[in-house]
Amino acid sequence: MLMFLTHFAEHVTPFNVFRYITFRTGGAMITSALIVFLFGPTIINSLRVRQGKGQPIRADGPQTHFKKAGTPTMGGLMIMTGILASCLLWANLASVYVWVVLMVSVGFGAIGFYDDYLKVTKQSDKGFSGKARLGIEFLIAAIAAFTIMRAGQEPFSSSLTFPFVKQLVINLSWFFIPFAAFVMVGAGNAVNLTDGLDGLAIVPVMVAAASFGFIAYLSGNAIFADYLQIHFVPGTGELAVVLGAVIGAGLGFLWFNAPPAAIFMGDTGSLALGGMLGTVAVATKHEIVLAIIGGLFVMEALSVIIQVGFFKMTGRRVFLMAPIHHHFEKKGWTESQVVIRFWIVAIILAMIGLSTLKLR
């Protein structure tokens with residue numbers, strides 16, 4: 001919205017500042033953080049009253065989790081309120097990439113909201129049907145993938161690039177759509193599986209958002225993209241503003257989600273944020289780098305896949321409990337040890353992922 005003021009820059013010179021992505025990214029970050037800080041208590045109190053018993057606690061989970069009973073969920077509403085309001089104010093609304101990323105985030109968030117609603121009302125960890133949920137997620141993601149492919153310059157817009165190898169580019173043609181949809185849905189559900197302890201998911205999400213904000217800015221700048229020999233994707237620099245809003249909203253949410261959490265993110269937030277990261281990775285042509293930067297989320301998702309698959313084949317479990325953060329709790333790690341150590345892993349993986357920009 002503020003980009004509109006640049007039309008009057010000839011008469012009011014200070015309005016030129018809104019042309020700069022870096023300035024608007026900082027503004028988006030501060031704005032979303034303030035929105036969550038200011039409206040967070042009201043939203044939390046409202047959810048606590050409406051939800052009553054709050055998010056149900058898994059009966060087979062660590063004993064320390066039972067003291068969290070009664071904590072409200074759907075904290076993603078706070079996060080998305082901050083992100084959407086901030087993006088409407090600071091982002092360039094003429095960018096198709098901004099709208100696609102927000103569409104996926106809102107769509108996935110709506111699915112998560114319905115899932116959270118069913119869990120709270122039924123007081124059960126059985127929410128939305130898994131098949132129906134995945135079906136709707138893939139539909140939303142496929143529409144987004146098609147839009148991204150058409151918005152770019154073919155055949156590159158439907159191609160897959162690889163880190164470390166600058167010349168290796170594979171044109172997926174129409175197979176790009178199912179591949180990109182898989183990345184978006186996979187990212188959304190991987191973040192969802194990570195969100196099991198106070199503060200565990202939101203910090204790695206912010207780390208990944210900061211990393212991809214940097215990647216988006218570089219990918220959308222012809223000079224930087226040429227210097228680093230990464231693929232130039234016009235218009236994706238604007239996604240740095242969106243991810244700046246994610247970081248700000250994440251900081252605001254962490255204030256209330258710090259242990260002992262006053263509210264849980266819920267599927268409302270985790271699916272929305274994960275889907276957003278996956279969509280940005282697809283738009284910037286850094287899908288494989290997402291698996292590195294978001295390696296913590298990949299590890300959490302793989303632990304569940306391995307646990308379920310191995311149990312179905314042998315009747316035995318690989319981990320004491322899945323996702324893997326619960327395994328370490330069962331091994332005797334305190335919740336704070338698991339959370340902080342996983343944060344460290346997320347930061348290290350982000351640095352490795354960012355190093356791929358230069359190591360080509």
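Placement of Cβ uses the backbone N, Cα and C atoms for every residue, glycine included.
Swiss-Prot annotations:
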type     : residues : note
TRANSMEM : 27-47    : transmembrane segment
TRANSMEM : 71-91    : transmembrane segment
TRANSMEM : 93-113   : transmembrane segment
TRANSMEM : 128-148  : transmembrane segment
TRANSMEM : 168-188  : transmembrane segment
TRANSMEM : 199-219  : transmembrane segment
TRANSMEM : 239-259  : transmembrane segment
TRANSMEM : 262-282  : transmembrane segment
TRANSMEM : 288-308  : transmembrane segment
TRANSMEM : 337-357  : transmembrane segment
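Proximity of the transmembrane segment (199-219) to the transmembrane segment (71-91) is not established, fewer than 3 Cβ-Cβ distances being under 8 Å for residue pairs spaced 6 or more apart. Only residues 6 or more beyond the boundaries of the transmembrane segment (128-148), in the same chain, are considered here, and those with a CB under 8 A from a CB of the stretch are 96-97, 100, 103-104, 107-108, 111, 114-115, 118, 157, 176-182, 184-185, 188-189, 271, 275, 278-279, 282-283. The stretch with the most CB contacts under 8 Å to the transmembrane segment (168-188), chosen from 71-91, 93-113, 239-259, 262-282, 288-308, is 262-282. With a threshold of 8 Å between CB atoms, the same-chain residues lying at least 6 positions outside the transmembrane segment (239-259) that come near it are 21-22, 24-37, 40-41, 44, 75, 78-80, 82-83, 86-87, 90-92, 97-98, 101-102, 198-199, 202-203, 205-206, 209-210, 212-214, 216-217, 220, 265, 269, 273, 276, 280, 283-284, 335-336, 339. Here the transmembrane segment (262-282) has Cβ contacts under 8 Å with residues 40, 43-44, 47, 54-55, 71-80, 100-102, 104-109, 111-113, 115-116, 127, 137, 140-141, 144-145, 148, 180, 183-192, 194-195, 201-202, 205, 208-209, 212, 216, 239, 242-243, 246, 253, 256, 289-290, 294, 297 of the same chain, all six or more residues outside its ends.
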